[in-house]
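Report on the following structure.
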Amino acid sequence: NGAVTPERWWSTTLQVAVPFFLAGVGTIGAGLTLGYEWAVFKDVSALLILVPPLLGLKGNLDMCLASRLSTQANMGKMDSWGEMWKMIVGNVAVVQIQAIVAALLVSLFAVSMNAIIEGWFNLNHALLLSAASITTATSSCFVLDLVMIGVIVASHRFRMNPDNLATPLAASIGDVVSINLLAYIAAAFFTVHDTSYWILLIVIVVYLLFLPFWIYVVLHNEYTRPVLTSGWVPVLSALFISGLGGLVLDSVVDLYSSFVVFQPIINGIGGNLVSVQASRISTMLHQSSLRGIIPPHSRLCATPWAALFKGLPHAGTARILITMNLVGQLVFLFVADYIHWGRSTVTAAFALSYLTVSLLQVMILLYIAHLLIHLMWKWRVDPDNSAIPFLTSLGDVLGSSLLALAFIILDTLHLPYSG
């Protein structure tokens, strides 16, 4: 009917703030885990290329699931337990299919890029990467799916907006779960990859044999059948974009070892915030208009000022998210530094440069989110299935590149962050 119930700013802030700061704790944990000197990461350097795409899978797959279910909840389609159960089973199955295929492809990308950079190919390393990638992706996605489903159902029952809660709360454990699973699984496979490589082959084959079962479940589910055919372009495109972020990480970590402590934080927080905005805009479009028609209270072409500060319906939310990013990043910066080194080593120059690049990253992402989601709606593409993968993967590349630029500029000015 074109009517959208507005939220009060303090209600939105409170609902987003709690999962946002929990997500910050998760990204700090991910950065500290990555900063630990793992033998497998030193010997198999291509694993670092896997990190941004695997962390990005929560944006590519899990947050799309959260966005789809949040929209259904806000439109009143999750009031029946029978329908809700069908949605849950179908969405879990489609995410497992996408996780297996995406993880296999991203491991092939990492192997190929590493072979080009190093000038040689190692079959055992390739098997290790593929097995670790698939196992990590499917396991972490399954855990995150259960968390998000519980959050969405609970928030809907308690009359809170799941768009504000689901994506950041799932992300609060997403980064740290993915990184720890990758590190421990890769370390376990590393002990057998030279002597018993057939174990890695069995792992890969078993997951591939599960694919027909998951496909059968999805094809017989009316809610997720369209996703199986239409959801691949954004997922695979996003994996490629995140892979570029992995190349940045792989090339910068040798120059600045402390880079890995902050890279998951800046990428994770940026992706979490833009996912909230994307999910909210998508729900607004579903509630107030037909696909292909931009509602009268919004518009496709807008200036950054109108989209982020004042003029359009979601500018108020953008202001909240930008402010939350500055406050959160400042806290996370000092906490991660202190935990990693055992003392505070952050200089004023590093703090200023870090906050500047994180602010620039989030503002660019929020503006692109407005343009991209409205453009998809105009083209009759459901943004719940397609927008968040592009946004989170772009956040990975932007965050990694801008943070690397900050390290390089500070080093050039003889003001390096040395820890």
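Using the three backbone atoms N, Cα and C, a Cβ is placed for every residue, glycine included.
Keep in mind it's a predicted model, so treat the numbers as computed, not measured.
Marked as domain 'SLC41A/MgtE integral membrane' by TrEMBL: 51-184 (among others).
The domain 'SLC41A/MgtE integral membrane' annotation in TrEMBL covers 263-405 (among others).
Residues 51, 55, 160-161, 164-165, 168-169, 171-180, 183, 260-265, 267-269, 272-273, 276, 316-317, 320-321, 324, 328, 331-332, 335-336, 339-340 of the same chain lie 6+ residues outside the transmembrane segment (12-34) yet bring a C-beta within less than 8 angstroms of a C-beta in it. Per TrEMBL, the feature transmembrane segment maps to 12-34 (among others).
The transmembrane segment annotation in TrEMBL covers 46-67 (among others).
Same-chain residues lying 6 or more positions outside the transmembrane segment (88-111) and placing a CB less than 8 Å from one of its CB atoms are 46-47, 49-50, 53-54, 57, 60-62, 65, 68-69, 121, 125-126, 129-130, 132-134, 136-138, 141-142, 145, 149, 204, 207-208, 210-211, 214-215, 217-218, 221-225, 227-228, 231-232, 235-236, 239-240, 242-243, 246. Sequence annotations record features per position, and here TrEMBL assigns transmembrane segment to 88-111 (among others).
Marked as transmembrane segment by TrEMBL: 131-153 (among others).
Sequence annotations record features per position, and here TrEMBL assigns transmembrane segment to 165-190 (among others).
Per TrEMBL, the feature transmembrane segment maps to 196-219 (among others).
A Cβ distance under 8 Å defines the sequence-distant neighbours of the transmembrane segment (231-249), meaning residues of its chain 6+ beyond its ends; these are 48-53, 55-56, 59-61, 64, 94, 98, 102, 105-106, 109-110, 113, 259-260, 263, 267, 385-387, 389-390, 392-394, 396-397, 399-401, 404. Sequence annotations record features per position, and here TrEMBL assigns transmembrane segment to 231-249 (among others).
As annotated by TrEMBL, transmembrane segment applies to 320-339 (among others).
The transmembrane segment annotation in TrEMBL covers 351-375 (among others).
Taken from TrEMBL, the feature transmembrane segment covers 387-410 (among others).
Here the transmembrane segment (131-153) has long-range neighbours at 47, 50, 54, 57-58, 61-62, 65-66, 69-70, 73, 78, 84, 88, 91-92, 95-96, 99-100, 102-104, 106-107, 110, 162, 165-167, 169-170, 173-174, 177-178, 181-182, 185-186, 189, 200, 203-204, 207, meaning same-chain residues at least 6 beyond its ends whose C-beta is under 8 angstroms from one of its own. Away from its own ends, the transmembrane segment (196-219) comes close to residues 89-90, 93-94, 96-97, 100-101, 104, 123-124, 127-128, 130-131, 134-135, 138, 189, 225, 227-228 of its chain (Cβ-Cβ under 8 Å, at least six residues beyond either end). Break the domain 'SLC41A/MgtE integral membrane' (263-405) down by DSSP state and the numbers are 112 helix, 0 strand, 31 coil.
With helix defined as DSSP H, G or I and strand as E or B, the domain 'SLC41A/MgtE integral membrane' (51-184) counts 120 helix, 0 strand, 14 coil.
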